[in-house]
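Per TrEMBL, domain 'NADH:ubiquinone oxidoreductase chain 4 N-terminal' is recorded for B:1-110. Positions annotated as domain 'NADH:quinone oxidoreductase/Mrp antiporter transmembrane' by TrEMBL: B:113-403. Look at TrEMBL and you will find B:21-42, B:62-81, B:93-111, B:117-137, B:149-168, B:188-208, B:220-239, B:259-279, B:286-304, B:352-370, B:390-413, B:434-450 (among others) tagged as transmembrane segment.
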Amino acid sequence: MASRLSRIWPTLSRVRLSAALGSRCVSQTPKSSASGAAVASDLQPVSPAAQDSHGHAEVSPFEKNPDFHGFHHHDSFVDQWNMKLAFFFGISVAIVIGGTFIHYLPDHGMRQWARREAERLIKQRESEGLPLMTENFYDPSTIVLPSSGEE
Amino acid sequence: MLKVLIPTMMLFPTIWLTSPKWLWTTTTAHSLLIASASLTWLKWTSEAGWAFSNMYLATDPLSTPLLVLTCWLLPLMILASQNHINPEPVGRQRSYITLLALLQTFLIMAFGATEIIMFYIMFEATLIPTLIIITRWGNQAERLNAGTYFLFYTLAGSLPLLVALLLLQQSTGTLSMLVLQYSQPLQLSSWGHMAWWAGCLVAFLVKMPLYGVHLWLPKAHVEAPVAGSMVLAAVLLKLGGYGMMRMMVTLDPLSKELAYPFIILALWGIIMTGSICLRQTDLKSLIAYSSVSHMGLVAGGVLIQTPWGFSGAIILMIAHGLASSALFCLANTAYERTHSRTMMLARGLQMIFPLTAVWWLAANLANLALPPLPNLMGELMIITTLFNWSPWTILLTGLGALITASYSLYMFLMSQRGPTPNHIMGLQPFHTREHLLMTLHLIPIILLMTKPELMWGWCY
């Protein structure tokens, strides 16, 4: 497949630059063994002057403005500023500053503290040779049970 | 709350008073600032749950992730729509962005509502802008049918909800979520009570959607323009999940038995809709059915009513919202270039759009729940809790996970790999805008891996 592409590559690169001459989707490459499939745009007649629904007709906006960013078709100044502001507010403000804000949020519910404290206590008790935890949560001598037997 | 709601309302003057040249720039920047401000909601100041409250609105760890997702999505929708709306007259462009901003306002008020009737009204209100977006700006004639299905499925489900809520108001005296969470469990035993239980949940099950009442979703998602598809997949489906989680508080103890058929339907739906995905020729339809599949898992997680189920449901909702929206944006980039959603027609794109192939890979990996992305974490928690409820569910959920991986890979291989057909050799290169759109979808998913406790809901 790579060899087929290298055969048609010179024609292909000319196709993109000369997109103004023909329609967007019609292949300009000479009919070779590579282009076996039916071409979709043969189904409808295409007039070069036709305005398609995106308003950029058959001309790629990259022809007039090679630095087209996708924001504004006709005005490169607005296009560039739209790109700058979208990146600034989207990435620099929202993701970077917002992400930093979220990173430094306080430890909600003291969960991280609880984990650190547990690890610290385990280390301390292991080094002192004490059991990690006593079986009884409450001191049994403080528990008053009703007497069993006659009720 | 108001520091986000007031700027959102001020979007309307921004839209109508900006000069046409700077319309999209200002609305994008304004909505990104609102999204940044919404991140302050993540600082939960109170231990009791509800924070940032005024008389009508408040946030709590369940609604906060969904609120931030909603606010994040508006700039993404504006970025995605910019190209295909640009050729229209300025008045119509302004109307379009107004509808998006209106939807945003209703959604913020819906997720922030503390009174269930207010939530209900906002839930219904979101239908109007979405309907207008689908039926006015959709690209095919089927959009009218899609709008009808969308509207009437949801309305048919929500009318019983209204009756049920009024009954609840009458028996408990309040519909404030802050109060209902502490109320005594209701005495529910008769058939009438069971009907009431079903009435409370059907609206949300239709919205989620549950398999069986899901027919509106593929139509609406496919016929909507890209912003409509994004908001539908990312946020509106989650309204259903959120509503269910709020209502579950009052619906005990009937839910123990009555949830059974719905859980089974949801699980069966995962497999059925996943299998349908493998047979799709329409790219957007495939992504739509995959949304039904993921939401089936969320529905199962919510109906189980365990802490892990709820946490898994929220995590999966947020992660799916971002991943699904990313996939719809990618499908739209292919559609804008080839004017076709047929997957056969736009294949082998990796050769001509190599960087975009990276986005396709990342979005599909997120969709198939690759670890360590939050998509997997949510799915695992739900699968585990379902297994705890009944070990047999592992057959359905495991098969569902397998099928999810299959159709996600199928989507990737179909669109990216293989020889590029000759009729699409001359497509326009990818715009900076489209690359930015994809990074703004994917970076939050990756960042959420580092601090998932934002999404764990009440159980954190």
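All residue numbers here begin at 1 and follow the chain in the order shown.
Cβ atoms are placed via backbone N, Cα and C, with glycine included.
What you see is a predicted model, and the numbers here were worked out from it, not measured in a lab.
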Note: vs the transmembrane segment (B:117-137), the recorded stretch with the largest number of Cβ pairs under 8 Å from B:62-81, B:93-111, B:188-208, B:352-370 is B:93-111
Taking a Cβ cut-off under 8 Å, which residues six or more beyond the ends of the transmembrane segment (B:188-208) line up next to it in the same chain? 123, 153-154, 156-158, 160-161, 163-165, 167-168, 216, 236-237, 239-241, 243-244, 247, 250-251, 253-255, 258, 262, 295-296, 298-299
Per the Cβ under 8 Å criterion, with at least 6 residues separating them from its ends, the transmembrane segment (B:93-111) contacts 4-5, 8-9, 11-12, 15-16, 20, 23-24, 27, 31, 57, 63, 66-67, 70-71, 74, 77-78, 81, 85-86, 118-119, 122-123, 125-126, 129-130, 132-133, 137, 227, 231, 235-236, 239, 242
Within the domain 'NADH:ubiquinone oxidoreductase chain 4 N-terminal' (B:1-110), what mean pLDDT does the predicted structure show? 93
Count the residues of the domain 'NADH:ubiquinone oxidoreductase chain 4 N-terminal' (B:1-110) that DSSP assigns to helix (H, G, I), to strand (E, B) and to coil, and report the three numbers in that order. 83 helix, 3 strand, 24 coil
